[in-house]
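S.K.: TrEMBL feature annotations, pasted as is:
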type	residues	note
BINDING	Tyr222, Thr234, Ser235, Arg236, Leu237, Ser238, Phe272, Asp372, His373, Asp374	FAD binding site
DOMAIN	5-128	domain 'Photolyase/cryptochrome alpha/beta'
Amino acid sequence: MTDRRPMILWFRRDLRLSDQQAVASAASSGRPVIPLHILDETMGGAARWWLHHSLAGLHRDIAALGNRLVLRRGPATEVIAGLIAETGAEAIAFNRSPDPAVAASDEALARRLRQAGIEVITSDGGLLFEPGGIRTGTGQRFRVFTPFWRACRAAPPPAWPLPAPEALPAPSTPVAGDKLDDWCLLPTAPDWARGFAPCWQPGEAGARARLAAFIRHDLRDYGARRDRPDLQATSRLSPHLAFGEISPGQVWHAAHHALARDPARSTGVERFLSELGWREFSYHLLAAEPEMPRRPLRPEFARFPTLRDDTALRAWQRGLTGYPIVDAGMRELWQTGWMHNRVRMVAASFLIKDLLLPWTEGLAWFADTLVDHDVASNAASWQWVAGCGADAAPFFRIFNPTLQSRKFDPAGAYIRRFVPELARLPDELIHAPAADPDRAARHGVVLGRDYPAPIVDHDAARQRALAALASLKQENAA
Ligand SMILES: Cc1cc2nc3c(=O)[nH]c(=O)nc-3n(C[C@H](O)[C@H](O)[C@H](O)COP(=O)(O)OP(=O)(O)OC[C@H]3O[C@@H](n4cnc5c(N)ncnc54)[C@H](O)[C@@H]3O)c2cc1C
């Protein structure tokens, strides 16, 4: 026990003890430490489920170090000022958020605390490379992914991960906090998250286990198998990364270590790291354009003629569009809080181009239903599909859901898992039962009764989307 006044250790979306600079700073400060988490009231429903379990795990890990996680809610500035007044804390350590909207208030908070005589230790957090740190030879920000990632690969690699501390001394007087259960983060009536638990192990230990399993089983052939939703061949680290239960630096070094042990993994490792690169690129874009979740990066798309159609939006959200691959993806999202990347692209394309609904509607639904919701990756990815982002897929490249389904879920195993009412259909019919409704009926699937008829005709919808694009171009040219 130390008689120095305490330091607040503020956990945010960095819910881990290892490779956590703020934790290392607090542990080596020689002060008693008050671990603190302040509830982010803006978090979506699925992410709140994750947060509950992640905090429970962190609570156990901190208890094992002889301390206790203090939970508080309210505006961060007020909570921290209150805690300082209450405990006499004279120092605080936290990792800066890579989200520019939060980073601005972090800076203001740090300034105010320093003026009040509090020692403030802040560190980079959550990314391999600080947003804005990677620039072109002439100091410009990159707008295209490939050269951005090449520059990242040429930059000094992320620091070797820090170990978790061996102790985190507690203050002599216990600090009161909320009970996790009183935050009511878990849904109850109805418990729409009951399918989540079998899929996930939130928390730092779960993140480490997931990474190890991925490296052992799937890293080597990642490049060849990553687009197949039926194979479950990607890392599924995204929620762990989104909550900071594992750092991208830990993932990076683990992948390199695996490569050193088995050079046959090199293609898989490069491809996998480049996906982490897209996460970096998304934050890099958000740092330059904090309005990215709301406004198209390409201003000429601001007046894109979208529709308002609540019935179609609801059918998409519920996985009842009549396009099996889209419906499987949307139901995977609802049942597990996650969706395979290839299917995210197909489902997003369907909303934007086949239904002509605003991409911001899809973004909002994902923000509420994804356990891995990440403000930068979600916005950059929606804009990528909508053709209005940096280095985006051009709008006129419109996914055909049936062809995507045949290519990436060839035997329909993914569809059978999430759209069980189609399970009896033969492989060649499962991707598009509406192509032969009589045959589907002979297999026990009557369209409109057992499964919806397509809510739009893809070919007609494609023409409508291209006409909308042409009208936008005309309007912008006028
Ligand atoms: C419309 C749409 C919305 C998306 N919203 C999110 C989101 O809110 N949060 C999120 O983490 N990802 C989002 N993604 C990106 C991607 O789908 C997920 O990161 C990926 O499916 C997570 O699965 P995984 O961990 O198995 O990925 P892996 O294939 O194992 O990749 C490893 C890691 O790289 C990162 N990554 C992979 N692909 C991308 C990508 N395209 N963009 C940014 N980072 C990537 C993730 O952190 C991922 O965990 C979205 C993609 C689309 C098309």
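Cβ from N, Cα, C; glycine included.
Just so you know, TrEMBL annotations never went through curation; they're auto-generated.
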S.K.: Restricting to the domain 'Photolyase/cryptochrome alpha/beta' (5-128), report the mean pLDDT as a whole number.
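M.R.: Per the prediction, mean pLDDT sits at 96 for the domain 'Photolyase/cryptochrome alpha/beta' (5-128).
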S.K.: Taking ligand 1 as the reference and 6 angstroms as the Cβ limit (strictly under), which binding-site residues among Tyr222, Ser235, Leu237, His373 are close?
M.R.: Ser235, Leu237, His373
S.K.: Measure the Cβ-based neighbour count of Tyr222 (FAD binding site), defined as the other Cβ atoms within 10 Å of its Cβ.
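M.R.: There are 23 of them.
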S.K.: Taking 10 A as the limit, how many CB atoms besides its own sit near the CB of Leu237 (FAD binding site)?
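M.R.: There are 20 of them.
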S.K.: Looking at the binding-site residues Phe272, His373, which sits with the largest number of other Cβ atoms within 10 Å of its Cβ?
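M.R.: When each Cβ's neighbours within 10 Å are tallied, Phe272 tops the list.
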S.K.: What are the helix, strand and coil residue counts for the domain 'Photolyase/cryptochrome alpha/beta' (5-128) according to DSSP?
M.R.: 54 helix, 24 strand, 46 coil
S.K.: Return one of helix, strand or coil for Ser235 (FAD binding site), based on DSSP.
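M.R.: In three-state terms, Ser235 (FAD binding site) counts as coil.
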S.K.: Measure between the Cα atoms of every pair in Tyr222, Thr234, Ser235, Arg236, Leu237, Ser238, Phe272, Asp372, His373, Asp374, the residues the record assigns to FAD, and report the largest value in Å, rounded to a whole number.
M.R.: 23
S.K.: With an 8 Å cut-off on Cβ-Cβ distance and a minimum sequence separation of at least 6, pull the same-chain contacts of Ser235 (FAD binding site), or say none.
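M.R.: Looking at Cβ-Cβ distances below 8 Å from Ser235 (FAD binding site), excluding near sequence neighbours, one finds Arg210, Leu211, Phe214, Asp218, Tyr222, Val251, Phe272.
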